[in-house]
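Participant: Dumping what TrEMBL says about this protein:
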DOMAIN    114-595  domain 'Anoctamin transmembrane'
TRANSMEM  121-145  transmembrane segment
TRANSMEM  157-177  transmembrane segment
TRANSMEM  233-257  transmembrane segment
TRANSMEM  269-292  transmembrane segment
TRANSMEM  333-353  transmembrane segment
TRANSMEM  408-430  transmembrane segment
TRANSMEM  523-544  transmembrane segment
TRANSMEM  580-602  transmembrane segment
């Protein structure tokens, strides 16, 4: 007992596990296997040793299906598997602290992840490693292109950009996805001896509905009518529109502050006041958009809406959530870049959007002038939206914009480098700091409590209750008595372990879903916008090299150990990556034809001018 909680550590004896593992494997094959796989999945695996991941699945099955216990019970705070410290310490030493950039080349590490945490977790780290290895040649070409920028003429450089952009989106993007399919098949064959494995659909523990008799099987099953999700879909649609509007306002605010800094501080060399303030603005904006709004609002609301929609299986829930986030990415996260690349840089559209916000929030006329269109005496040189008339006066609103100052190549430093670095830092360092603070406070409280108990002469802890066989109580190594005597050092060990368990119970369970989402967003940036910033693949490679180790540390030390889940790949994320690859081809064509002005450099007269 500790801090108001009764901590119960459960370990299934080997005899119990062995009696259930054959039945468990047979049941998994009956629910999710194929007829042709019966001999391989059931007969040949009958005497295979039980992996730690499989053991946890069996214990979870005993608790939920046999004992009928779950976190829905009001007297249960949490149910989760404990970390195996020897395994996590080995992974930290051989993987997380490894100096190798491609640390997962050692198949023993990947096999250990699969054996101890399940295939779903192993597939995430395998995909991260494979994706990062494919970024290496792309990063090298991007660095070379950036170096050539200062050597070759601007005309030649701009003529190279379309081939670079289309090469990344068409050749590299689709080549990587096709190669990953092959790698995925090789991993399946290595792990299961089969090239094709059916996706196992786990029951959603939060699913609810009405009980009905299945006319085909005659069994009672819980169903949830699909029409009940329609009003929920409409609420999701309204939320998406609201997020897109919020993002447009944030982009306009960012552009306005950027213009104010440009106008106030003229010197723009590195480490100048203008440079530092613009960098600070990008950090604050990126932190708010990516860390606060996206992680704390959008993703949590997406999960809340998906829970509300009520899906029968975890896979249905994840697919619905992935599709939802794919749309939210475009209506929210990518709005920043699409608005700058296809709205603000196009003559007239950026001016109209700026005046629209001044009209909505400050009551200005839609034809007012701002920024570069205002003389020193406050008169309008040009009306950015309409003809020069009585309504063409200086805007009261603070939104402003100058198309000449938009640098499409610089705007990706914030989302790729700054915000992802902040995200990694917060997700890694914050739990460690919180743990140390709570550990210190709780250790002090435990020491005071132990002192009071020791002074009272009462050092007895309830051990075995009324067991007929004292060995069955698992306390036979101490005594068969009802009460056990513990030394102060033993009590301190128990308290320290209890503090670790309580801290783990307050943490999130490691789920690669969030990390997959970050990678898909990053993949979208790479295939869609590398043309604007050739260093994008190199920045992504460095971020991923750090992220892989940070995620490994979070898995082993700061987050709860997940219930192992079997998988046959990266699931619905494969479809999202393919969608990004197709969209990237269109985006790069639009960048070439509309936003960057690259086509003008193929004109013969351009050679003389540059």
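Placed from the backbone N, Cα and C atoms, the Cβ positions cover glycine too.
Curation plays no part in TrEMBL annotations; they are all automatic predictions.
I'm curious about the neighbourhood of these features; can you describe it?
Facilitator: Sequence-distant neighbours of the transmembrane segment (121-145) (same chain, 6+ residues past either end, Cβ-Cβ under 8 Å): 101-105, 110, 113-114, 157, 160, 164, 168, 172, 176, 179-180, 183-184, 187, 510, 512, 515-516, 519, 523, 526, 530, 534-538, 540-541, 544-545, 547-548, 551-552, 555, 562, 564-565, 567, 569-570.
Remote same-chain partners of the transmembrane segment (233-257), defined as residues 6 or more beyond its termini with a Cβ less than 8 Å from a stretch Cβ, comprise 281, 285, 288-289, 293, 298, 301, 305, 309, 324, 327-328, 331-333, 335-336, 339-340, 344, 353-354, 357, 398-401, 406.
Beyond the transmembrane segment (333-353), the same-chain residues lying 6 or more positions past its ends with a Cβ under 8 Å from any Cβ of the stretch are 244, 247-248, 250-252, 254-255, 289-290, 294, 384-385, 401, 403, 406, 408, 411-412, 415, 521, 524, 529, 532, 590-591, 594-595.
If you look at the transmembrane segment (523-544), the same-chain residues 6 or more away from its ends with a CB under 8 A from one of its CBs are 128, 131-132, 135-136, 138-139, 141-143, 145-146, 161-162, 164-165, 168-169, 172-173, 329, 334, 337, 341, 408-410, 412-413, 415-417, 420-421, 424, 577, 580-581, 583-584, 587-588, 591-592, 596.
Within the chain carrying the transmembrane segment (580-602), a Cβ under 8 angstroms from the stretch's Cβ atoms is held by residues 154-155, 158-159, 161-162, 165-166, 168-170, 173-174, 177, 341-342, 345-346, 408, 520, 523-524, 527-529, 531-532, 610, all 6 or more beyond its ends.
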Participant: Six or more residues beyond either end and a Cβ under 8 Å away: which residues meet both conditions relative to the transmembrane segment (157-177)?
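Facilitator: Sequence-remote neighbours of the transmembrane segment (157-177) are 131, 134, 138, 141-142, 145, 148-149, 526-528, 530-531, 534, 537, 574, 577-578, 580-581, 584-585, 587-589, 591-592, 596, 598, 601-602.
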Participant: Using a Cβ cut-off of under 8 Å, list the residues of the same chain at least 6 residues beyond the transmembrane segment (269-292) that approach it.
Facilitator: 247, 250, 254, 257-258, 261-262, 333, 336, 413-415, 418-420, 422-423, 426
